[in-house]
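Quick look at what Swiss-Prot lists:
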TOPO_DOM  1-14  topological domain 'Mitochondrial intermembrane'
TRANSMEM  15-45  transmembrane segment
TOPO_DOM  46-59  topological domain 'Mitochondrial matrix'
TRANSMEM  60-87  transmembrane segment
TOPO_DOM  88-227  topological domain 'Mitochondrial intermembrane'
BINDING   161, 196, 200, 207  Cu cation A1 binding site
BINDING   196, 198, 200, 204  Cu cation A2 binding site
BINDING   198  Mg(2+) binding site
MOD_RES   218  phosphotyrosine
């Protein structure tokens with residue numbers, strides 16, 4: 001999860017987030033090289049005493065500055081498109097969970113089970129226990145099995161919301177009357193925090209999301225106790 005004065009991304013917990021972090025580093029390297037080249041050319045232009053007032057055109061230079069940006073854009077676009085397709089691909093999910101956004105809480109329904117549904121509200125600051133996180137804890141966590149593909153169906157009952165968990169590389173809009181889907185896969189157990197990422201009203205900041213990823217046998221015990 002995030003911590004104070006953090007400069008980088010949160011630790012990746014899912015294959016998608018690992019791909020996104022690699023793509024971030026790949027794109028940042030390209031941006032750094034371009035910025036260095038541009039600054040170098042600007043410094044040469046400001047310091048050189050050579051001039052070419054009689055030069056009207058330069059076919060070679062124009063060809064280079066047309067082809068080179070096209071190649072750079074392709075190098076950025078190809079891995080980006082690959083990740084987009086990976087994020088939309090859902091193959092044989094082990095579990096389906098429907099998430100509904102409300103002003104200002106989330107409700108969850110495990111569609112593979114009968115009567116396994118609940119609302120998830122933020123715990124007020126005055127009710128927090130020692131060690132719990134302000135504005136991030138909820139009364140009912142979303143318990144999911146780790147190392148299994150899980151399909152999240154996301155929608156809204158009222159206004160636009162956005163269901164986001166950064167460490168899992170998830171951010172899906174919750175739109176009234178529309179059902180969006182996303183895949184959740186965690187490589188390790190733990191608590192993973194997120195928040196509504198679409199301004200949805202006065203209490204937008206008080207819609208946290210907490211996923212509790214556990215081994216499959218613990219999830220089966222939890223689901224049996226909830227039914």
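Yeah, the Cβs are placed from backbone N, Cα and C, and that goes for glycine too.
Apart from 196, 198, 200, 204, the residues listed for Cu cation A2, the same chain places the Cβ atoms of 101, 104, 159, 160, 161, 162, 197, 199, 201, 207 within 8 Å of the centroid of those Cβ atoms. Summed and averaged per residue, pLDDT over the topological domain 'Mitochondrial matrix' (46-59) gives 77.
Among the recorded positions listed (198, 204, 218), 198 has its Cα nearest to the Cα of residue 161 (Cu cation A1 binding site). The two recorded residues, residue 204 (Cu cation A2 binding site) and residue 196 (Cu cation A1 binding site), show a Cα separation of 7 Å. In the three-state DSSP scheme, residue 161 (Cu cation A1 binding site) is classed as strand. Applying an 8 A CB threshold to same-chain residues 6+ apart, the list for residue 207 (Cu cation A1 binding site) reads 101, 104, 105, 106, 122, 161, 195, 196, 200.
Rounded to the nearest whole angstrom, the C-alpha distance between residue 198 (Cu cation A2 binding site) and residue 218 (phosphotyrosine) is 33. Taking the mean position of the Cβ atoms of 161, 196, 200, 207 as the Cu cation A1 site, the remaining residues of that chain whose Cβ falls within 8 Å of it are 101, 103, 104, 106, 162, 174, 195, 197, 198, 201, 204. Residues of the same chain lying 6 or more positions beyond the ends of the topological domain 'Mitochondrial intermembrane' (1-14) and with a Cβ under 8 Å from any Cβ of it are 20-21, 24, 166-170, 184-188, 190-193, 213. Sorting the binding-site residues 161, 204 by the number of other Cβ atoms within 10 Å puts 161 first. The Cβ neighbour count for residue 198 (Cu cation A2 binding site), using a 10 Å radius over every protein chain in view, is 18.
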